[in-house]
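As structure tokens, the structure follows; a few thoughts come after it.
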């Protein structure tokens, strides 16, 4: 009897899950998407930034144009500090010129709608299917949903977000088969130190389309993105009084968001605009705890995790969704490679394990670097300690070339779908910044060497100079 086709079960109609579905459809690989909610694209008041590394994958899939035409590209950013100092930068425009893709922001709902609308096999996406159990088989695996339905396949992909049931099931299987693989440290590695209010507001005079603003304060920050027709996407984060370990997270309501914004209502954003203006013009708003964590175990058996289910970061550098898109592109490329190699007729547990080990090895270091940048970004923008206040205020505004070069190198390393052609609109920045005579370690080493004397000089200026100026000068 002919062996059934290789099948992927994607749990979660998230950006990661739907992107993977698009990739697999392009490769004619059988799959199904199971979403626990009743709708693929609910309005939750959240939004996402799409950077060139995510845009390039969407362009390979032929869907980036649908997203791009619904907003305006960013060309300028402004940064404001609590002492009133501010500066502006054309970094967003520079990134677009170098890579051929702009930085844009869209409602998360609209991104999901585009992914769903442009997906060619709607019957493969099934809503109201909450997965409650994973069962292992001799030559595959299956999931059982809350309503008793069973879906069998060769690979189960957890794209179900930070509260992933697939991660929990993967851990349960690992505990039964390989006790000790999932350590207590890993189970507690997802933590919460910040709360965040996401919002979308109607146009506010003085906030120009195509611009974004970072307003830093002690313990909090406000970041606004001004889209098409002046629509304002924004988020505010604030350091909590203590650190929480998942799943013992604080929970927040709309009333909490109202209280949060009322308490920060007078915090300035730009010129005479303050938080109160964002709240007054709000269209939608939500408040959530910001989990942070990078798990060490991305796969076990025939189960693998993507996106927020395995690496969760704050929104400060805007790479969460883009990182998930890269995950999907990489995994689809590896699956396609396995099937094209002729191994499709006998995808043993060993075949799948080898594929997933390669997947994690390809993605882990890049994701770790992005995660660390996200952690640092949140703490720099909220002026978390004296050193970050010092660097953020007196170093950051004056090292634009260093920052833009480092950012472009990070973007250029983005993973793509290797069985689809690269888009023609891609510009020279991809090749230019991916080539380097220095390794990452060397780059970071020189960055540290460069920054150390700057910080040392600032220390001397701030602390030693006042004392030395009061000392008698010897003849």
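Quick reminder: no glycine exception, Cβ is built from N, Cα and C everywhere.
Predicted, not measured: the structure shown is a model, and the values here were computed from it.
DSSP assigns residue 308 (FAD binding site) to a helical segment in the three-state reduction. What Swiss-Prot records for 35, 49, 108, 308, 321 is FAD binding site, and it gives similarity to another entry as the kind of evidence.
DSSP assigns residue 216 (active site) to a strand segment in the three-state reduction. Marked as active site by Swiss-Prot: 216.
Marked as N-linked glycosylation site by Swiss-Prot on the basis of sequence analysis: 437.
Annotation source Swiss-Prot lists transmembrane segment at 446-466.
DSSP assigns residue 35 (FAD binding site) to coil in the three-state reduction, outside any helix or strand. The FAD site in the record is lined by 35, 49, 108, 308, 321, and its two most distant CA atoms lie 23 Å apart.
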